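Below is one structure; the comments refer to it alone.
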């Protein structure tokens with residue numbers, strides 16, 4: 001399974017093509033719209049999120065509610081494009097029109113300057129339109145298809161917020177998946193810990209008032225994965241490695257960890273590993289899950305626990321210094337938009353990005369032409385390894 | 001540029017093939033042996049490291065000290081194979097011989113159990129021989145070639161230890177590359193901070209005495225990368241994402257971060273980003289480097305700073321509980337080897353793994369058929385972006 | 001450079017995403033529409049080609065007539081979709097509606113039966129909608145972008161018809177590229193040889209009258225490629241191999257050859273190879289071009305000459321016997337559409353498929369971030385190898 | 001499944017790494033050596049083939065006669081390397097030594113000139129050592145592993161010679177696989193038709209006497225493939241396309257065709273397609289096999305029939321004119337070796353190259369972690385589609 005996305009932030013549309021899905025899997029627009037909607041929510045989002053409601057159109061690969069096996073194409077239209085047609089149209093324009101609109105001031109913390117140098121653009125709009133986090137809507141669409149596949153395989157996934165601006169939520173290792181989903185959905189900051197959640201909202205409000213922005217830590221939690229998915233035989237087939245790569249490619253993410261993650265540097269080996277037990281009914285299991293569901297690049301059958309850190313959004317009312325690429329004069333970096341905290345939305349993005357990698361690994365390992373056969377094969381495997 | 005590795009821990013040899021290098025690049029065995037040797041050093045390594053000295057043989061792609069442009073094959077022979085021929089030979093053997101040798105006891109924290117279930121092996125030796133960290137010697141060989149390429153492009157890279165068992169080394173943001181290399185090399189724990197280094201050694205000695213193991217945090221630091229390497233245009237071309245994926249695929253690594261990494265969740269946006277400045281001689285630069293050399297999936301031209309966390313080695317004198325896959329009876333997990341701390345070696349491995357990804361990204365971006373042309377193109381680009 | 005396509009024959013639209021193009025390359029809808037239009041022409045096409053005129057919409061990656069460097073998305077809408085919405089809609093429908101429409105009769109020579117077995121579809125429409133040659137419009141869109149790139153690099157490409165129903169056109173080794181383009185465009189069967197062209201049209205008319213179909217041989221001819229593109233160092237980097245793979249993946253193509261191709265089996269070595277000459281002005285060149293522009297998987301600098309054979313379209317008025325997958329009863333295969341000869345259109349498809357592979361190889365070999373730099377690098381290389 | 005090869009013609013060794021094989025598949029050196037030996041046989045081979053007997057060493061991925069699931073490394077040592085160490089050693093040498101040995105005369109029909117220009121080598125030995133057909137031994141080793149896998153799945157494959165120097169062997173559509181293997185093996189030119197075979201040998205002898213070389217057509221024939229392997233859903237997943245790409249990447253191959261191939265351009269549609277029939281015991285089958293086992297990029301369940309054309313070897317006693325790259329003076333191209341016809345050996349190479357692509361497609365489609373499960377899944381699928 002592979003996918004490509006295309007589209008600029010203020011362009012006509014975002015487009016996603018996914019290739020390699022099984023046939024005969026139930027899939028509807030609603031599966032994807034639900035995910036797109038969740039991405040747009042969250043205390044601290046700017047105005048744009050409220051104006052535009054992302055809705056997907058499935059334009060290939062699905063017929064009468066089922067996948068065909070052929071590539072799936074999805075479109076999220078930009079309703080606002082009519083106001084941007086002059087700026088973002090694909091047709092050639094006169095040179096004098098161009099000059100008027102040029103963005104020559106790169107914002108720190110964005111792709112602006114490096115991208116302009118790499119691609120030789122002197123109008124930085126040519127960079128920022130694609131490097132914008134708007135593209136994550138296209139990735140969420142891809143991930144929503146993956147999530148649907150996982151759900152039909154009894155593998156459930158949720159992303160929530162563990163920390164914002166240094167305020168850490170409590171851990172709930174025993175909380176059920178249903179509760180994780182429900183509570184995070186009801187929290188305006190996608191936090192399982194109501195008390196911490198309130199403090200996070202206060203911090204967001206304060207940041208907004210101060211014209212500053214704040215970051216945080218998201219967690220993605222997956223239940224139902226069988227053991228032995230991924231592989232140790234070659235480094236690029238390790239599933240945790242692939243997840244880390246995908247998470248680190250989300251806009252503004254600066255780190256990723258599994259299970260206790262960086263804490264593993266501060267503990268003895270006897271406190272870090274998960275002892276192995278077996279019971280006839282449950283099969284092999286671990287008494288703890290410090291390693292976050294991975295050993296040797298493969299799943300252990302325990303929940304996958306992966307965290308990612310998002311830096312504060314760099315577009316601020318409290319500006320950062322930069323340099324105009326034409327005049328080479330310093331200036332205070334302009335504001336392109338005004339979210340003071342996008343961590344709750346980032347948790348949704350991360351959930352979908354991880355879902356895609358996990359689904360991809362399952363499709364690589366199990367027969368994937370027809371969804372019912374895939375499901376049967378995974379169920380059989382679950383039974384087999386129980387008594388391995 | 002791509003590479004494959006093969007070989008089992010006690011097999012005949014480790015083999016690496018790299019495809020996609022430019023021609024006419026100076027390369028000798030010594031470039032690689034130096035890296036292999038560094039990987040074997042470090043306070044806290046077990047006996048095996050002292051007995052076997054890894055030496056590479058270049059068996060393809062190099063002639064008279066220069067790369068040909070054709071694939072490079074490298075071999076690290078296992079001198080000890082004669083003692084393992086019966087156990088690890090590739091020829092069929094009688095069934096009664098097999099039974100005698102079967103490993104049926106999976107060690108927690110290793111690929112043993114998940115790997116056995118995935119690949120259907122009832123003799124866990126079939127897993128552990130490949131999942132062993134011995135394979136990192138083959139990855140270091142690949143990385144040593146990449147490091148050589150980088151060095152000829154005036155891009156220098158070093159890996160060192162930032163933390164062991166909770167003991168954190170001081171940061172030295174102003175320390176020169178030469179000093180980083182020299183001081184880390186002289187430290188038995190590859191630590192730039194002598195005082196912390198001594199404490200780390202004490203902690204290792206204590207862990208050894210206690211029959212326990214300890215982990216830590218490695219840092220890789222790269223100087224000389226031009227800005228704009230990597231790309232924001234598609235998520236799988238972001239260089240930080242690729243590095244994160246590669247680092248997380250190193251045995252026993254559980255997390256990775258760039259620049260201030262997880263600290264970004266605890267700071268305001270105004271404290272996280274790196275303001276942009278310009279001077280005619282230096283070109284664009286940043287006054288700080290909190291983002292670790294990356295914005296928008298591309299290099300900023302500042303040093304790349306990436307950290308990875310290694311968990312304590314799971315093979316302990318203080319054993320963990322597990323279950324025999326034949327009898328389904330619990331047992332205390334056996335000891336396959338006896339390093340109490342492999343973090344200094346892991347810093348070398350990480351250095352080479354990161355070097356490969358960085359070199360690969362450069363070869364994708366710049367003309368890569370002939371090394372002298374590659375060098376010229378990168379030098380021209382450096383000059384161009386200075387006055388961009 | 002890579003691309004994905006999506007879309008069913010009677011679905012809402014065809015979608016193409018291309019990732020990996022340089023920035024700052026001039027590109028307009030007209031570049032692509034011209035290619036789409038050429039694909040629809042040709043003596044012997046059925047009615048559908050006259051009703052629907054394919055027009056592209058560029059929905060990502062292009063701004064004000066220039067590429068951004070970000071992925072390019074292109075859409076060809078299906079104006080007729082309103083009549084197909086019930087049959088091809090993506091939303092779930094009631095079961096009784098489904099039954100009415102099921103196609104259970106696989107046509108020989110199509111993907112119908114094998115596809116149905118592989119993907120478990122009992123309604124063969126689920127196969128034929130994607131396996132239809134309609135998808136080649138999406139590939140032509142991708143190829144048109146590649147052709148535009150090549151044209152800006154002074155590399156020109158044309159596809160024409162060499163043979164239909166056993167009628168062979170004369171070869172014109174000395175004919176200029178301009179004439180090849182002009183004459184083939186004016187010929188209703190894209191044939192450079194007017195006399196043979198007339199016979200081909202007669203054969204097509206006769207086949208139509210007889211309710212039969214006929215195939216033929218297409219040639220793609222490329223001028224302006226520098227020598228040394230592709231590589232011998234690893235088998236999957238040979239450019240002729242990649243072209244052969246791409247051509248053989250065009251619907252109904254059953255073979256591919258370079259230069260004299262299969263004739264090489266009937267000649268002595270002294271008659272097959274191309275002697276090497278050198279003149280200061282021209283650089284190295286060949287006195288003949290029997291090998292079709294390739295030696296060792298690389299271009300020689302001579303024109304690329306590649307031929308592909310298309311079998312007759314299997315949907316005929318003169319039906320073929322098959323078996324209903326529900327009743328297992330034999331039947332005479334139904335007609336889905338009525339082209340009696342699609343070879344002229346196939347020449348256009350092949351032209352674009354080859355253009356993509358050639359452009360991709362150039363982008364791999366030369367710096368490809370910015371188009372003006374790419375052009376400069378290729379021009380420099382041309383000059384370099386002239387006096388090599 | 002993927003593989004890389006490395007090694008120069010007169011270098012120390014050829015190395016192959018295959019990644020992605022299932023565990024628990026029986027595999028021994030003998031499986032591979034048999035293939036290597038077959039590659040070296042054939043009327044018309046030069047002296048080198050008789051001196052050196054290629055033998056493989058398996059140096060990774062196999063234990064006690066079974067695959068582990070980890071990458072397989074194979075080595076073919078060059079016994080003659082001791083005589084070439086000065087010329088081909090990897091260690092730096094003095095400049096004056098280099099000069100003495102430089103090859104500055106590119107041979108027409110080889111990679112020599114294009115390769116030298118691409119990689120900037122002024123000593124053409126740096127090209128010819130890797131571009132040599134010697135590398136096909138490494139590809140045969142990879143293919144031999146694939147062939148072993150196929151054989152255990154009751155899929156059998158054989159390559160033989162259909163034509164040499166215009167002498168065409170009769171077709172034997174009814175001949176059993178066993179006879180194809182046996183008769184071709186006994187024929188010094190791998191020809192099923194004894195009479196034609198004798199004429200081919202005479203032609204080879206004559207060519208040798210004349211100092212000329214001759215080419216021919218090889219056929220690969222595969223029995224036992226289930227229908228529906230490959231896919232029509234995306235162009236790069238069509239199995240015939242992949243085979244065409246792989247075959248065209250064999251040294252000196254200039255074309256490839258499936259079934260009646262180029263003849264399809266000379267027949268009516270009613271004579272080209274294969275009507276579909278069904279019987280309870282046999283399932284679906286075709287009454288003919290003109291399409292060579294492929295429809296829509298997928299197998300039909302009929303034998304795969306693919307042909308490839310090999311041009312005469314360009315190194316001749318009857319020399320071709322070329323130009324010295326130093327003096328720019330014309331010269332008559334030198335002889336590096338002296339096979340007058342390598343078509344019988346090429347049939348073996350092609351057999352193995354095709355085997356790899358076919359095995360790869362099966363592994364993509366069916367569960368491939370454990371060989372016994374793969375076998376079971378394919379057997380189940382065969383049964384399923386019989387009554388589809």
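Each Cβ is built from the backbone N, Cα and C atoms, and glycine gets one as well.
What TrEMBL records for D:39, D:45 is NADP(+) binding site. For D:130, D:131, D:132, D:251, D:252, D:296, D:311, D:312, D:313, D:314, D:315, D:337, the entry in TrEMBL reads FMN binding site.
Here the Cβ of residue D:311 (FMN binding site) has 29 other Cβ atoms within 10 Å, regardless of which shown protein chain they belong to.
Annotation for the binding-site residues D:39, D:45: lowest Cβ count within 10 Å of the residue's own Cβ, D:45. Under the three-state DSSP scheme, residue D:39 (NADP(+) binding site) falls in the helix class. According to DSSP, residue D:130 (FMN binding site) sits within a helical segment. Annotation note: residue D:311 (FMN binding site) sits in a coil segment as assigned by DSSP. Using a Cβ-Cβ cut-off of under 8 Å to chain C, the binding-site residues D:39, D:45, D:130, D:311, D:313 reduce to D:130, D:311, D:313.
Local packing around the binding-site residues D:252, D:313 was summarised as the count of other Cβ atoms within 10 Å of each Cβ; on this measure the leading residue is D:313.
Of all Cβ atoms in the protein chains displayed, 19 besides its own lie within 10 Å of the Cβ of residue D:132 (FMN binding site). In the structure as shown, the Cβ atom of residue D:130 (FMN binding site) sits within 10 Å of 30 other Cβ atoms. Chain B lies within reach of none of the binding-site residues D:39, D:45, D:132, D:252, D:311, D:313 when a CB-CB distance under 8 A is required.
Each residue contributes its Cα atom, and for residue D:311 (FMN binding site) and residue D:45 (NADP(+) binding site) those atoms are 15 Å apart.
Rounded to a whole number, the C-alpha distance linking residue D:132 (FMN binding site) with residue D:39 (NADP(+) binding site) is 15 angstrom. Measuring Cα to Cα from residue D:45 (NADP(+) binding site), none of the binding-site residues D:130, D:252, D:313 fall within 10 Å. Residue D:130 (FMN binding site) and residue D:39 (NADP(+) binding site) are 18 Å apart (CA-CA, integer value).
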